[in-house]
Amino acid sequence: MAAYIIRRTLMSIPILLGITILSFVIMKAAPGDPMTLMMDPKISQADREQFIEKYGLNDPQYVQYLKWLGNMVQGDFGTSIVRKGTPVSELIMARLPNTLLLMLVSTILALMISIPFGVLSAKRPYSKIDYGITFTSFIGLAIPNFWFGLILIMVLSVNLGWFPTGGVETLNTEFNIFDRIHHLILPAFVLATADMAGLTRYTRSNMLDVLNQDYIRTARAKGFKENRVLFKHGLRNALLPVITIFGLMIPSFIGGSVVVEQIFTWPGLGKLFVDSAFQRDYPVIMAMTVISAVLVVVGNLIADILYAIVDPRIEY
Amino acid sequence: MSTLLEVNNLKTYFFRKKEPIPAVDGVDFHISKGETVALVGESGSGKSITSLSIMGLVQSSGGKIMDGSIKLEDKDLTSFTENDYCKIRGNEVSMIFQEPMTSLNPVLTIGEQITEVLIYHKNMKKKEARQRAVELLQMVGFSRAEQIMKEYPHRLSGGMRQRVMIAIALSCNPKLLIADEPTTALDVTIQAQVLELMKDLCQKFNTSILLITHDLGVVSEAADRVIVMYCGQVVENATVDDLFLEPLHPYTEGLLTSIPVIDGEIDKLNAIKGSVPTPDNLPPGCRFAPRCPKAMDKCWTNQPSLLTHKSGRTVRCFLYEEEGAEQS
């Protein structure tokens, strides 16, 4: 197992390298540059050139990339161009915890809701409950989360006043865990919807499959009550493929968090990413790319390891 | 010998578009304490559904017991609720299935799968159950029982898995063991081993066996009495010796002559012509009439009932009506 983890970690290095090269090339190929966006149009040519020189934007692109790579490996993501020399790591560290918290909570929420509903659906297939759950899941899949978020804000926050409209905590108050949770509920739920729907459907079909297996009949023949048959003997087998799917869902969580953070003015990486992309703030964009790529690679690694833990037939 | 299980006029139907399909249609038989009874018949004759009806598992596969009674000692199982049944299944009546390769849960250890039954039915402590499970594994012939406890099913061969299934089935000293084609999926060399093991252990525990099979070799080796089923009905009920010496029903005779003989020089293998009618499309008269070499005119229109032959055996055939047999 340890050997497998080391091998997988080493294998992810070329993947990450490839991702950074591609993103760097695409980013540079996009029209526009940070100067035109942020500088006073009346700035003198000499000042402008001095600025460009200072950020090394005159070097050939491969030199720029190698310089960036060299610094990045040493943990230096450079400084933001647009935000007047603020270190990128500082910008990110201020926001990363918020985003991770949002992703973690919505992941747990998605699992906690979709797995029981999937099992319930499979327990009585083609019943009213099953149709209800299926119908709701398809709605969940079909609704774009920016729209769903806005509707929830309008109804639950503005009209009913049950939830705050955005942010991580009530401003100018001391840290309060309940206040934090209160702010977290809506964005986490919205971020979870799409994956929740998919996971429910997936759990249902796997569970249906498992319930027709001979070992479920054996469990029944042992005299166990239905719930024990379902949860002890069925669910663990049904969840095996779900783990893989879950690893594949991590990118959608990252992408989704960009949108959800904008809507709920959640001060996370998503908003920073969008702003930086518009402003061509190269160092920030690159840092963000590395972080999302690492999240995806690590997420899939964890999924594979989990798979081996849950399924004794898999050995690495 | 006192009666352990008595099945009377059991009717188990399945439903397709509300249309009833009689998979088991009025089956009567009994099993005495310590007796091994074989239930024989072609695929689709209702043997497995009969056994699932006794286990109370027929509902979960979509069937329904419409009529009749299943009496285990003095309890009528057909009146049992699901909760009552949960106390009996795996405890007083247990079952071994045809497919040892897929009948064990792949993600649980062998030890877990044996001990959970003991903890559930016998209220054993974990440690006690472990000890008992090791004993059971030794009993079914594992020399390294302690190690097997920690293994997962995929590490064991088919024969080993079936022995584990036997250990699980016998763990609570059941009164009745239903073995649904327990050796069909195994190598011929392993078949005899498993069968013998099952017989030995059941003798030790004084457990009756209902052995479901279509292998007459297995029947002659293991059973005391044979019930032949055809199209959801019992067509003959006799001791093994009687049945093999003198089969009464033309269907039984057909089955026996279909066994290839190794030392005889035959060019052609005997077979019963035609195939089993599906339960939704049964002939109006005797269900075997279309395939029967001895069919008479009335066989096509009238249904024979189960008759008690003068030798005390029962048979469902008009051929024996004249011989002074009385309707049972």
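Cβ coordinates are placed from backbone N, Cα and C, and glycine is handled just like the others.
What Swiss-Prot lists as domain 'ABC transporter' is B:5-256, and the listing cites sequence analysis.
Summarising the annotation, Swiss-Prot assigns ATP binding site to B:Gly41, B:Glu42, B:Ser43, B:Gly44, B:Ser45, B:Gly46, B:Lys47, B:Ser48 and lists sequence analysis as the type of evidence. Long-range C-beta contacts of B:Ser43 (ATP binding site), restricted to its own chain and to partners at least six residues apart, with a cutoff below 8 Å, comprise B:His214, B:Val276.
Along the domain 'ABC transporter' (B:5-256), the predicted structure has mean pLDDT 90. Counting Cβ atoms from all protein chains shown, B:Lys47 (ATP binding site) has 27 others lying within 10 Å of its own Cβ. Minimal Cβ crowding within 10 Å, among the binding-site residues B:Gly41, B:Gly44, B:Gly46, is found at B:Gly44. Proximity of B:Ser45 (ATP binding site) to non-local residues of its own chain (separation of 6 or more, Cβ distance below 8 Å) is seen for B:Met229, B:Tyr230, B:Cys231, B:Gly232, B:Val276, given in sequence order. Residue density at B:Ser48 (ATP binding site): 22 other Cβ atoms are found within 10 A of its Cβ, drawing on all protein chains shown. Other residues of the same chain near the ATP site, with their Cβ within 8 Å of the Cβ centroid of B:Gly41, B:Glu42, B:Ser43, B:Gly44, B:Ser45, B:Gly46, B:Lys47, B:Ser48, are B:His214, B:Met229, B:Val276.
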